[in-house]
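Enquirer: Just passing along the structure, written as structure tokens.
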Amino acid sequence: MTIQQVLLLLLLWMWLLHPCRTEMLFRRTPDLRPRSSVGRTSGSDGKALHRQKRGWMWNQFFLLEEYTGSDYQYVGKLHSDQDKGDGSLKYILSGDGAGTLFVIDEKTGDIHATRRIDREEKAFYTLRAQAINRRTLRPVEPESEFVIKIHDINDNEPTFPEEIYTASVPEMSVVGTSVVQVTATDADDPSYGNSARVIYSILQGQPYFSVEPETGIIRTALPNMNRENREQYQVVIQAKDMGGQMGGLSGTTTVNITLTDVNDNPPRFPQSTIHLRIPESSPVGTAIGSVKATDADTGKNAEVEYRIIDGDGTDMFDIVTQKDTQEGIITVRKPLDYETRRLYTLKVEAENTHVDPRFYYLGPFKDTTIVKISVEDVDEPPVFSRSSYLFEVHEDIELGTIIGTVMARDPDSASSPIRFSLDRHTDLDRIFNIHSGNGSIYTSKPLDREISQWHNLSVIAAEINNPKDTTRVPVYVRILDVNDNAPQFAVFYDTFVCENARAGQLIQTISAVDKDDPLGGQKFFFSLAAVNPNFTVQDNEGKIHQQRKVFKDTSDKLFLISSETNSMQIPQSNQGMHKSVVSDGSATKNLFNRDLLSFSLQVIVVLFAALKRQRKKEPLILSKEDIRDNIVSYNDEGGGEEDTQAFDIGTLRNPAAIEDKKLRRDIIPETLFVPRRTPSAPDNTDVRDFINQRLKEHDTDPSAPPYDSLATYAYEGNDSIAESLSSLESGTTEGDQNYDYLREWGPRFNKLAEMYGGGESDKDAS
């Protein structure tokens, strides 16, 4: 027998045992209208009792979902006690699904479902029924409401909201640690039977995980699950309805579980001993190599810190942790020397930086290894005994004298011989030389401290077998001073002494200079080169005094000798000439008179030349005061009314110079003023040529003052109908002239006639 047959028999059994029958007779309900009595009885009060007629009473119908038969599914039967079976009544159905989902036989009252019904879509239907007289269409019973309830069957399996779940749990977790909870839902009716009761079970993932049947919580089932052994697990969970019993429906889901890392593994060096090599010429900070400890953990649980904890090279090497690669980089801390030490041993430790206290019982989370570093030999350049040399030598030593010796050696075990040389770029004058074999430096030219006090040399040392590998060392040579320069007078002295100077009077102070530089400073001693009774000199101060009065004109040349003492060196001396002129009063007066006469003659010559130049160009200025503060007169008569080419004074100004604001170089700044601009005169070739000539003469005049001064331009103009009024062309007679004819020229000449009208005006004025 199949599961479907068992299920069908079960449904049939449930249907037959249900207390509600598909064919039902409805009890009558009290009718509101008075009806004829069926029988009579008498009550205690003697009144007759009447039995009331009852109508129908509704109960709900039940219908199984998911009917699979070929005919309509029978739901139930409506019947009224008014129905005599003669077809006089008609049954009417209305409400949810009436006429479509549910149909009624109007004669018999049988109700059928026309198609399969799903409870999960609609659990019950509410309908209304009524019985009417077929002929009169009047209801024989009042309309009543009833319900068709759909009985559930287990036709839905449990489903999970996620097809695949993802979860994680730390490795080494204790048994029973919760991982994740999964929940399935069932669309069947949870209030009827066990169709919606779900039970969970694990189909895949044992023995590592388990699931709680009622809640769906997945838990760890084995202790010490190690991520390093296995990291990923796939668990399949089943949800089954009907309480998990046989015949129930089920659904499944997959849960991917990952073990997360914890620091349960210490770092481990793959080798107990590591060998490294480094050339001895490697500079400080050079990386020799790296060490790395492996850790089965990941992320921060695998982070390691390296350190040197022991060995004979702890002061020669350092180790630095490289965070991105988790390596320990060993570097040079101090310079290496193959000839001094060729092998170093280090003990290096690697330790986790993040330790989980729960796993201390597993042991220390650290490891050590031995690192052996071999220093390799390199052909090194020579090494000088000093980083620099300083030699001091006096400037008066003989040529070829050794001033000092530099020393160098080959640091290699072969100990090759060394050859020395001078860098000639540091000794361009070739004053020094060096012995190539022993490094002795000697002079090849004379030394002079006054020319150069210091010499900075560079000595080169190279191996004979490998001349390309060289080393340099600076050599500083200081030239010491000796007293090899005689003192000199600072200036040439020429002293005059009056004849009436008193005896012992200071007439001159002299000084001397010396190129040498003694430690105690320069000390000079002065003395007379020859005995002179007229003068004395103070030996250590250089002061010359008059010894006695001198009453005659004399000129003495005094040769003085100066001496300098430099420590214990031999003093140097020098002779110089000092001229003293001594004269009496008359000689002094004559000299003064001669000088005064010479000066006066020079002044006269200069004045005469200036007056001569002034005669050539006499200014027409009436005032004797500063020309810059007076009105400038221009005696230009003009040509009268008919003179259209008369000279306009505005032509004397240079409009272009005013516009460009160009200043003449001979203007005194504090008296600078900007002249008022006037309109330019019409172009007149005659006037322009005349003005240009006068300007040129004035600009080239060497006697012109250094500021703007008056320049006279006496030009009358052309074509005047009147004769010239200038007195330059008048007769030689000094008598008065008659200017009465000026009054005949018109009103414009009245003023001129009054000015030159003769003595009447003067008399009247007086």
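Cβ atoms here come from the backbone N, Cα and C positions, even for glycine.
Sharing the feature lines straight out of TrEMBL:
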{"type": "SIGNAL", "residues": "1-22", "note": "signal peptide"}
{"type": "DOMAIN", "residues": "57-318", "note": "domain 'MHD'"}
{"type": "DOMAIN", "residues": "80-160", "note": "domain 'Cadherin'"}
{"type": "DOMAIN", "residues": "161-269", "note": "domain 'Cadherin'"}
{"type": "DOMAIN", "residues": "270-384", "note": "domain 'Cadherin'"}
{"type": "DOMAIN", "residues": "385-489", "note": "domain 'Cadherin'"}
{"type": "DOMAIN", "residues": "489-592", "note": "domain 'Cadherin'"}
Enquirer: Taking helix as H, G and I and strand as E and B in DSSP, count the residues of the domain 'Cadherin' (270-384) in helix, strand and coil.
Expert: 10 helix, 56 strand, 49 coil
Enquirer: Mean pLDDT across the domain 'Cadherin' (489-592), rounded to an integer, is what?
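Expert: Here the predicted model's pLDDT, averaged over the domain 'Cadherin' (489-592), is 63.
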Enquirer: On the DSSP side of things, how many residues of the domain 'Cadherin' (385-489) fall into helix, strand and coil, could you say?
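Expert: Secondary-structure breakdown of the domain 'Cadherin' (385-489): 3 helix, 47 strand, 55 coil.
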